[in-house]
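As recorded in TrEMBL:
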DOMAIN    3-358  domain 'MnmG N-terminal'
BINDING   G7, G8, G9, L10, A11, G12  FAD binding site
Amino acid sequence: MKAIVIGGGLAGSEAALQIARFGIPVILYEMRPVRMTPAHQTDLLAELVCSNSFKSVEIKNSHGLLKWELKLLGSYLLAGAEKAKVPAGKALAVDRRRFGELVTKMIAENPLIELRREEVTRIPIEPAVLATGPLTSDLLAADLKGLVGEDGLYFYDAIAPIVAGDSIDKSKTFRGSRYGIDESYINCPMDELSYLRFVEELRKGAVYPLHHFESPRYFEGCLPIEELARRGKDTLRFGPLKPVGFDGNYYAIVQLRPEDREGRMYSLVGFQTRLLIPEQRRIFRLIPGLEHARFLRYGAVHRNSYLNSPKHILPTLQLKEKPDLFIAGQLTGTEGYVEAIGTGLLAGINLARLLKGRQPLVPPEETMLGGLIRYITTPNKDFQPMNANFGLLPGGRRREKVKRAIKWMEFWQEELSSL
Ligand SMILES: Cc1cc2nc3c(=O)[nH]c(=O)nc-3n(C[C@H](O)[C@H](O)[C@H](O)COP(=O)(O)OP(=O)(O)OC[C@H]3O[C@@H](n4cnc5c(N)ncnc54)[C@H](O)[C@@H]3O)c2cc1C
């Protein structure tokens, strides 16, 4: 039986190569150059649409750890990235053209992979990996929506920053939700002076330019925080920072919502933003209690198709509605190049296992790949895309988390190769 992979980006190329490694023939569909996305510029597979960096190589860094894990599991794309690398200090940066050419060659020369340059417009009946990315073509997105329902597929990111729970100064904050429902939120109260200064800095903050295909008009219910600040000095105080529902007389309140049961990660409620990353660090640290905050994820607002994964995807990356369809890449609600390669690798291995009559597997949650998968498939009413970060791993200091992840990944890799 042949396997199908749709999308020859980072995730789809890795998935196709992994399936072929199991000796299974693959048809890989890539619509470029017949039909281009608004961001890609070439017909190369695994084209990097923006930065040429795969981030840090240091194992004590979350992306360094994820890369280490994926190399151990035999990632073809990371091997390609090593060959195409350019000097970039502690980061793995590549010559993007050379990287794309190397991946395209790996696929073209693999006798088990047939590359078809066609747009797929329907979810196939056969077992497949779906890896069409943040700019999935409209017809296919509509078909996928038919499968998962109205609330199953999103088309825009509105990501609020996440900070590490242990970096919040609790002496300046208090616990509780509005109207005393429970104690789940951490609240950062502001007086008039600190609020007005905060609004002023937000208004002046430098933002990322819009991509040419993105609309400068935002959904009213999901405006970037700096845009709200520009609308008037009181807009935030009557919006996401309203100080109502608490005992006490506060001028404004920033609420931090827990992102996990253990309280390792907190998101800033209503803080979706296009501010540059250094500006987010500078301005959000003006919030009382966040002066020394460690950011695990930065805010963003950009075009992005992704599934409501906690509702629709199993930790094996199978779609609940069609378990022989594996989802990979940005469509899973992970964010970033290395994350896309990671889910592509897992989806490829699991589809191959399914076709060989074996159980699809879930990586241990102590590893960075496993932590990411656990996050995107754990129930979450306010699901937003996530990148690799140490807040995803069970407790302890960073050094312990790294040691534990290495041990578990080595163990899992052995188990994987013996099964
Ligand atoms: C504009 C933009 C900039 C980004 N910049 C960065 C960055 O700098 N760093 C970072 O880490 N992450 C970035 N990301 C996020 C993400 O990591 C990348 O988009 C990454 O390429 C996702 O990998 P993927 O394999 O899921 O999708 P892609 O790499 O986009 O691959 C999907 C492939 O599917 C094809 N396709 C789509 N629909 C169909 C169809 N119907 N039939 C056949 N083929 C189809 C596309 O042509 C494409 O080749 C960015 C995202 C966007 C949208």
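Including glycine, each Cβ sits where the backbone N, Cα and C put it.
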Original post:
Around the FAD site (G7, G8, G9, L10, A11, G12), what further same-chain residues have their C-beta within 8 angstroms of the site's C-beta centre?
Top reply: V5, S13, E14, A15, E30, L45, A46, A131, T132, G133, A328, G329, A340, G344
Original post:
Name the residues of the same chain, 6+ apart in sequence, whose Cβ is under 8 Å from the Cβ of G7 (FAD binding site)?
Top reply: Y29, E30, L130, A131, T132, G133, T136, G329
**OP:** Using a 10 Å cut-off, grab the number of neighbouring Cβ atoms around the Cβ of A11 (FAD binding site), all chains included.
**Re:** 35
Subject >> Other CB atoms, at most 10 A from the CB of G12 (FAD binding site) >> reply: 29
**OP:** Quick one: give me the count of other CB atoms within 10 A of the CB of G8 (FAD binding site).
**Re:** 29
**OP:** Could you list the residues of the same chain, at least six apart in sequence, whose Cβ is under 8 A from the Cβ of G9 (FAD binding site)?
**Re:** L45, A46, E47, A131, T132, G133, G329, A340
Subject >> Reduced DSSP assignment, G12 (FAD binding site) >> reply: helix
Original post:
What average pLDDT is reported by the model for the domain 'MnmG N-terminal' (3-358)?
Top reply: 94
**OP:** Have a look around L10 (FAD binding site) and count the other CB atoms within 10 A of its CB, chains all included.
**Re:** 32
